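When I checked TrEMBL for this same protein, it listed these features:
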- A:27-313: domain 'FAD/NAD(P)-binding' (DOMAIN)
- A:C36, A:D55, A:Q63, A:Y68, A:A108, A:F143, A:D308, A:T349: FAD binding site (BINDING)
Amino acid sequence: MSPDAATDAATAPSIITAEGAGPHQTDVTIIGAGPCGLFAVFELGLLDLKCHLVDILDRPGGQCAELYPEKPIYDIPAVPVCTGQELTDRLMEQVAPFSPVFHLSQMAEKLEKLEDGTWRLTTDTGTVIDSKVIVIAAGGGSFVPKKPPIPGIDAYEGSSVFYAVRKMEQFRGKKLIVAGGGDSALDWVLNLQPLAESVTLVHRRDEFRAAPDSVNKMRALVAEKKMTLEIAQISGLEGENGQLTGVVFKDKERGEWSVPCDMLLPFYGLTMKLGPVAEFGLNLEQNLIPVDTEKFETSTSGIFAIGDINTYPGKLKLILSGFHEAALMSQAAVRIVHPDKKIRFQYTTSSTDLQQKLGVA
Amino acid sequence: MILNVTTPDGERHALEALEGWRVMEVIRDWGLPIVAECGGACSCATCHVYVDADWLDRLPPRSEEEEAKLDEAFDVRGTSRLSCQILMREELDGLHVTLAPMPR
């Protein structure tokens, strides 16, 4: 985490995370904690619906937090300019009165309908959430590590090539090559160096985006000959039966050469993949979920889709469109959760009832 | 004006382009296979192209931000650019780029 990000986290509203695997009971389960998922918490909250959110990132904000936290956004109504992180922080402040529960660093994996009509969502870490309504606000899909387009790399994934570190012990005594120049690459170089037989960091240029402190520590290890830094790029892999024996580096001056290696850890940032949502049976069109424009409901009753992940005639992938979709979806969702309740439409400006929910009356 | 694009399968396409459009946007608008997932914010490195060497000196140099973002691309060469960072203009009529290998 960069020093900036640490500061942001300190000033952001506190996040309620779930304890235990559940089954958790709530009114609405939202897949995706980006701006649209967060604003859905607000609109649903005004209608007294409680929400749990699932997101693969370790913090709320979706693309705003991961892709462009520092970039300005100019097309949020009545907010002439704010950054992706500011938008996230303000939404978190706006939804705080409704105490949404977050399940972070998890991917929504399985969706099934129980006998009484309840939806049961299971994540890849085993969390179970039961609710009457599902809202898919998953944007461009789950953020997952970029897999380098190196020929034959698939054969080594999971045995010799790893895009994340789950158990450090598995790297003990191994010859490791770590690729990349950001915080993930540098953090794992520093963490794994003490237990690996050898560590080589390979990066395309002698400049690093990672936190300066990590870069200094890495350079100190190189100076002490406790690890190797290669300014080069990966051009091929050597090995057989899923076991790497070497990685081929190349650069303009030196050409190509091979470095012995047991395990390769590439860290080239994240990319978005639709993932298991594609298996939810929602009649996808080009990886998007078709919805109506009255309720933003999918082909399956009780499952809604809002934000970048849905499609309908005239769809624009704008945050403000997702906000609108969240409001209309909520009106339909409350009728599913409370079919017998008469729903009153109210304004926050004048309704004491809404103002009490927001904690301002 | 024309933007020439060679796709990974080796096919060359001559695309009609409009002044002021990002090269990435022209490629995407014509439906060629470019990921460009951040939509032009220099935030994802999935619009990586190789610019024909003849055209290199007619392009503004990489910004520091583009240089840093290229760290997340693969097989980066001297001719590598993020195509969202190049705007089409008169002098670039006929520009030729080749789509770089994309992450999976």
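Backbone N, Cα and C atoms are what each Cβ position is placed from, and that goes for glycine too.
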Sequence order please: the binding-site residues A:D55, A:Y68, A:A108, A:D308, A:T349 that have their Cβ under 8 Å from a chain B Cβ, otherwise just none.
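From A:D55, A:Y68, A:A108, A:D308, A:T349, the ones near chain B are A:Y68.
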Same-chain residues six or more away whose CB lies under 8 A from the CB of A:Y68 (FAD binding site)?
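Correct list: A:T83, A:G84.
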Just to confirm: which same-chain residues, 6+ apart in sequence, have a Cβ under 8 Å from the Cβ of A:D308 (FAD binding site)?
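The answer is A:C36, A:G139, A:G140, A:K317, A:G322.
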Identify, among the binding-site residues A:Q63, A:T349, the residue whose Cβ has the fewest other Cβ atoms within 10 Å in this structure.
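So among A:Q63, A:T349, the binding-site residues given, the one with the fewest Cβ atoms within 10 Å is A:T349.
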Checking the spread of the FAD site as listed (A:C36, A:D55, A:Q63, A:Y68, A:A108, A:F143, A:D308, A:T349): what is the longest Cα-Cα distance, in whole Å?
38
Can you check what DSSP calls A:F143 (FAD binding site), collapsed to helix, strand or coil?
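Once the DSSP labels are grouped into three classes, A:F143 (FAD binding site) ends up as strand.
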Identify, in sequence order, the residues in the chain of A:D55 (FAD binding site) that are 6 or more apart from it along the sequence and have a CB within less than 8 Å of its CB; answer 'none' if there are none.
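Looking at Cβ-Cβ distances below 8 Å from A:D55 (FAD binding site), excluding near sequence neighbours, one finds A:G32, A:A33, A:G34, A:G37, A:G62, A:F102, A:H103, A:L104, A:S105, A:Q106.
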Among the binding-site residues A:C36, A:A108, A:F143, point out the residue whose Cβ has the most other Cβ atoms within 10 Å, with all shown protein chains included in the count.
A:C36
